[in-house]
Amino acid sequence: TDYDWKRPIMILLYIAVLISCISVPIISWYYDVGYPFLYFCICAITSSLITELLANIVRSSGKYELALLLQRSVRIIIAIIVVIFFLSDLSILSSMFYIFGTTHIFYGVFIYYYVNKKINLGIKKVPTSSQKEGLYFSVMDVITLVNTYGINLIIAGILSLDYLGIFFAVCIILRVYETFVQSTDFVVMPSSGDLDKKGLIVIIVKNLIIGALISLFFIVFGESLLSLIYAQKYDEYLYLIPYICLVGFVKMMDVIPSSIVGGVSKKRVLKQYVFFNIALTLLFIPGSILSILYSGLKGAACALIILYALRSIFGFGILYRIYELEKEGY
């Protein structure tokens, strides 16, 4: 690239890390979740911000496959560590949070040095208009982190860290859905500007079929599979599997508009999408608190289902307007 991408990226990162280091300890103190979880949250949020911001730089240089690989690999690494912990009967939550946090921070440092080495640093100043558009995508990344770690904090605060560990254990099946979410993102994001209505329908149908098949598999075999993996340790919580399957299914649908909107929309539409997600998050956090208070872990899963379903509906509404206007020649 010909642009000095490091300066705006570092400014965004410093601001985000500062906000995280102030807000996360306050929330953790309020919910009394303990130092290990606080360490995990700060490390994971910082690493995720580094990864998301730098992955966007790699993507903008035309290396879409590498960007997605860098962006998603840490989830696979964490999932493998979770399985190793539970198979080794070493599932002490404090140790798990320390290792998860340390893994995240090492991964973030690796990504930083790797991108620094592989992507040329230019001397041109990034145009203000591009910085504003990039800010929208950065806001979306932060919203995703708030939703993800917000629900974890709420579970830990209202229920306990043990219940959060249980939720992590059952949610491991989401990694299968996320593999296909990533593949959809990989196919759709680079070609979003050239995607026609027929191609969009093909992607929607593909995700519907694959999502339904994965859900059917886990609903039929999931209890036996997780019971075997975790040696019957979490059998009384396996009733959550259908709810987690629904979370995965709606995430597979949500990735379609979220991958396309930024590529085919005008700035006004992109701004609407971002502001809708901000408003949705502001409702999601208190809604999750009430849902978990009344329904426990099932309430957490239901809150995530509603979140991704509403995002998906709004996103598809935008896509419908975009492709209908194109059809009418506007």
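Using N, Cα and C of the backbone, Cβ positions are placed for all residues, glycine too.
Features of the protein shown, as given by TrEMBL:
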TRANSMEM  12-31  transmembrane segment
TRANSMEM  37-57  transmembrane segment
TRANSMEM  69-87  transmembrane segment
TRANSMEM  93-115  transmembrane segment
TRANSMEM  135-159  transmembrane segment
TRANSMEM  165-188  transmembrane segment
TRANSMEM  200-220  transmembrane segment
TRANSMEM  240-261  transmembrane segment
TRANSMEM  273-297  transmembrane segment
TRANSMEM  303-323  transmembrane segment
Establish whether the number of Cβ pairs under 8 Å between the transmembrane segment (93-115) and the transmembrane segment (240-261) reaches at least three, counting only pairs separated by 6 or more residues.
no
Considering only Cβ pairs under 8 Å, which range in 37-57, 135-159, 165-188 makes the most contacts with the transmembrane segment (273-297)?
135-159
Considering only Cβ pairs within less than 8 angstroms, which of the stretches 69-87, 135-159, 200-220, 240-261, 303-323 has the most against the transmembrane segment (165-188)?
240-261
Using a Cβ cut-off of under 8 Å, list the residues of the same chain at least 6 residues beyond the transmembrane segment (240-261) that approach it.
140, 167, 170-171, 173-174, 176-178, 180-181, 184-185, 188-189, 192, 195, 200, 203-204, 207-208, 210-212, 214-215, 218-219, 222-223, 226, 269-270, 273, 297-298, 301-302, 304-305, 308-309, 311-312, 314-316, 318-319
